[in-house]
Amino acid sequence: MARYGMVIDLRTCVGCQACSAACATENQTPYWSDKWRTRVLDIEKGEYPNTGRHFVPTICMHCEEPACLTICPSQATFRDENGSILVNYDTCLGCKACMAACPYGARYVYDKNDVAKNREIHGELSQHNVVHIDKCTFCFDRVERGLEPACVATCPAHTRIFGDLDDPNSEVAKLVASGIAKPLRPDLNTKPKVFYIY
Amino acid sequence: MAVENSLHFERQEAYEWPLAVYLLLGGIGGAFISLSFILHYLFSWSPVGNYGMLIGMGLFALAGLVLIFLDLERPLNAIYSLNNIKTSGISWDVVLIALSFGGAFFYVLPFYVSIPALEGLRLFFGGISAIAGFLFPVISGGLISAPVSVPLWHTPLLPVLFLINSFGVSVSAVPAIFGPGSEILAFIFNLAVFMANLVSLGGFIAFYEHAHNGPVEARYGFHEMWKKFNFQIGFLVVGLLFPLLLSGYMLFTGNFLSWGFGALALAQLIGGFALRNCLLKHGYHTYPWPY
Ligand code: SF4
Ligand code: SF4
């Protein structure tokens, strides 16, 4: 079994949002309600003339100690054999406790309007047929087929690097081991498996 | 998550007013059941043991309905919440309501039908029901305060404030509904309400300290809350200062006004909702990004 993780290199991100678009297409996420599994923050900082503009792609961190998993009353949120944190659409109550508990803003409600709109667009091919909490899955179905997650495959700047953190020869494992890629807010103790270079 | 004012302050959107109503009704329901059991057991006060328990059960039922039909996105899936008592505090909350409600049911039943087999177990059911009822506001407050994602909530003071408020309402409502019983009981009820509000005031001051010494998101949320009419009038004036002054007046003059306990119960009920709702509304997420 693998232990999948991601490194996001903020030095190279150009803010093109191709990752958000690719994810929305691949996973039928409700872009019409401005809900995204991955979005790119566009942050301006500083006072003129010392200003800076930063692009920060955000995503579920697939934490090792996920706050969302321990609070879930129905075991709808679970960890798969590769350590990724997923949601079982059928047993989710929509209590939103996981949304409140996640410190990285990774979750949203796929509500009944979104389900209806998605059906209208995708018909029989709709992936979201019931109301549920939605979040990044590390595109487990693509990964099972030997592909990279959609956001990684699409990124033109090699900002997103995906792989097995337990494989010492993988690029992600090397970047994390070198210390250049760091988790965000490790003080929150959720042990993210997404690391940032900044 | 909506972006408000700047990227640093993103208001949580998971919990809204139905959850505040659930916390309030459930907390008061639990407190009512615990208090009714104690008053019946220690003072053989039958009407309270009977109708007080029924009121508590009604409040629990109402709390459950509000949660299921106004808060949950998938009401029918509520059944799965019994699935995870090993790890999820929310499941414990549901189990506590079920235990307290069920225990109260079997405690009250002998008032209506004679079931000899139940008589010997009555104390057991009442005890379970009272303990679970007492724990409900503690655990539900703890659930809100446990995650690190909303720094304003991340303090053990939250369950304490919820617990005291729930008992404050119930201790005022019992004499308002059933009559104070006797001069000495009226004094005890009044003293309990006064002490509850004094501790609430202390708890609130400690909460103010927590918000001010905490992360910037906690300070921001608290300042936003502080400016709101609902908070100033609903919680601080109606829910805290008024009950403190009125119960203090009745306590130190010995003049137990006929409307006093009713007014105390109502004021703390309004204050309890304002407190819970304002806290939920002004929870801002921790800022995790590097810029
Ligand atoms: S980032 Fe949030 S949703 Fe993702 S695993 Fe961690 S706590 Fe859960
Ligand atoms: S909303 Fe669904 S996934 Fe989230 S905690 Fe509730 S039941 Fe679990």
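The backbone N, Cα and C atoms fix where each Cβ goes, glycine too.
Heads up, TrEMBL stuff is auto-annotated, nobody curated it.
Marked as transmembrane segment by TrEMBL: B:21-43 (among others).
Taken from TrEMBL, the feature transmembrane segment covers B:49-70 (among others).
What TrEMBL lists as transmembrane segment is B:90-112 (among others). Residues 26, 29-30, 33, 37, 46, 49-50, 53-54, 56-57, 60-61, 63-64, 78, 81-84, 118-119, 121-122, 125-130, 132-133, 135-136, 139-140, 143 of the same chain, all 6+ positions outside the transmembrane segment (B:90-112), place their C-beta atoms under 8 angstroms from a C-beta of that stretch.
If you look up TrEMBL, you'll see B:124-145 (among others) marked as transmembrane segment. Remote same-chain residues near the transmembrane segment (B:124-145) are listed as 15, 22-23, 26-27, 29-34, 37-38, 40-41, 53, 56, 89-90, 92-93, 96-97, 99-104, 106-107, 118, 153-163, 165-166, 279-280 (criterion: CB distance under 8 Å, separation of at least six residues from the stretch ends).
Sequence-distant contacts of the transmembrane segment (B:157-178) (same chain, at least 6 residues past either end, Cβ-Cβ under 8 Å): 23-24, 27-28, 30-32, 34-36, 39, 45, 47-48, 51-52, 55, 134, 137-142, 144-145, 185-186, 189, 192-193, 196-197, 199-200, 203-204, 206-207, 210, 239, 243, 261-262, 264-265, 268-269, 271-272, 275-276, 279. The annotation transmembrane segment is assigned in TrEMBL to B:157-178 (among others).
Within the chain carrying the transmembrane segment (B:184-208), a Cβ under 8 angstroms from the stretch's Cβ atoms is held by residues 43, 155, 157-158, 160-161, 164-165, 167-168, 171-172, 174-175, 222, 240, 243-244, 247-248, 250-251, 254, 256, 260-261, 264, 268, all 6 or more beyond its ends. According to TrEMBL, the transmembrane segment annotation covers B:184-208 (among others).
If you look at the transmembrane segment (B:229-250), the same-chain residues 6 or more away from its ends with a CB under 8 A from one of its CBs are 165, 168, 172, 190, 193-194, 197-198, 200-201, 204, 256-257, 260, 263-264, 267-268, 270-275, 277-278. Under the heading transmembrane segment, TrEMBL lists B:229-250 (among others).
As annotated by TrEMBL, transmembrane segment applies to B:256-275 (among others).
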